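What TrEMBL says about this protein:
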type	residues	note
TRANSMEM	7-26	transmembrane segment
TRANSMEM	32-51	transmembrane segment
TRANSMEM	63-82	transmembrane segment
TRANSMEM	94-112	transmembrane segment
TRANSMEM	124-145	transmembrane segment
TRANSMEM	178-197	transmembrane segment
TRANSMEM	204-237	transmembrane segment
TRANSMEM	249-270	transmembrane segment
TRANSMEM	310-329	transmembrane segment
TRANSMEM	341-361	transmembrane segment
TRANSMEM	381-398	transmembrane segment
TRANSMEM	404-423	transmembrane segment
Amino acid sequence: MERIKTYCLYVVGFYVVYSPELFLRFGVPSQVIIGFIGMLMLVSLFLKKILAKRVSPFLSREVQVVFLCILLNAAYLLLISMQNGYQNRFLQNVYIIIQIFTWTYLLNRYHIRLNNKYSLFQNAILFLANLAMIQAVFCIIMLILPSTKQIALQLYYLGREENIFISGMRIYGISGDYTFFTPIYHGLLGVCLLWLSMIKNSKYLLYLPFIFLVIILNGRTGLVIFFIGAVMMLLLLLINNPNYIGKSLLYLLIIGSFTWASLMVIKIASPNTYQWFMLMVGDIANLFGDNVKTGNIAALSNSFVLPSGFDLIFGLGTRVIGGTASNILLPRSDIGYINDIYLGGLIYIVLQYGSILLYTLSNLNKRNDFISVNDKASFDLRRLDLLPFTLFVLVLIGNYKGELMRSGIPLVFLVVVKNLIIMSERRKHFGERA
């Protein structure tokens, strides 16, 4: 019975994290189902409270303040969009609150199911890594049996006109988003696993080749995000202890080997995907080698168009990404910063980005005792508060490629990771395993 409950947690967790549109053809989007799941969770908490059962708190005061900030920012965007006559996206902008709540509830339940084995933070990352492994299994099946890829293509297009270029090179697995949010989320998850391998156990590295495989098959940007995060972590390791240069080089060798192995598998199983990935490598080489912008880099650099006057300060209440811009005669741009400025101007940028930054920096001056003093890594590297700030920087980098700072699972993951760290510390002080 206990094993069945654990399996159910994984099934619900997979759906909540990846949000595949399994029921959209029946008119029920994943947001409605996840909202219903969140409501059931609230009812469960309420009943436990009524029955005087012990409920371990899993939402920190800090994350509750973030919820309030999200609501206020969404209300501001609502006013701006109404003022300018554009469609408001209030419910979409606050949906992230439901996502954060359902994620934290599930991760806490998994931690309890393991009888508090290890820390809340470690168990949560392990749960998410196992979900990524399940996603990798789906991807591998679709590589081996190409006919099964139709499942992913149907989930991706959902009645829209098919893009043969994308279909031939990408879209593997079971997800609600394939090409942007999910690959970057996997890159961030990979950074957390690398960090845990440095300070806890090298076994966490075993997840990386499978995560790399999922990333490369769907969105190249996720791998770029991971490598930037890995370099940041390894530099931190060297700054804290120059004697770890050998260890840093070993990590680079392992990461490089995993990447090469993933690419070789894809080169054999899906040559078109491999060629598409190497196009990005060529674009990066052209930029840093010849100072020439090509491919997506050139496309993004040419779409950095800002509004003027009061629109720059207050925004217009609309996005300019994809087909949205063509309908309202505004310049098109996929850059997250540009879209956020068109939505709410510099005021919104300061409010939204500032609130997330302050959240990641909260409790920064407090000592984190999550790691035993007997661990080999230096104290500074073992400070848990360094990880969310690193993730915040990576999300900011990814925000140049698309809208990350307003919604999507990378932002959800960032907020959840910080909340896990805060709650791990507080539980330890109350005598529980962190």
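From the backbone N, Cα and C atoms, a Cβ is placed for every residue, glycine too.
Just so you know, TrEMBL annotations never went through curation; they're auto-generated.
Only sequence-distant pairs (6 or more apart) were considered; of these, fewer than three Cβ pairs between the transmembrane segment (7-26) and the transmembrane segment (63-82) are under 8 A, so the stretches are not in contact. In summary, the transmembrane segment (341-361) lies against the transmembrane segment (63-82): three or more C-beta pairs, each 6 or more positions apart in sequence, are under 8 Å.
Highest Cβ pair count under 8 Å relative to the transmembrane segment (124-145), across stretches 63-82, 178-197, 204-237, 249-270: 204-237.
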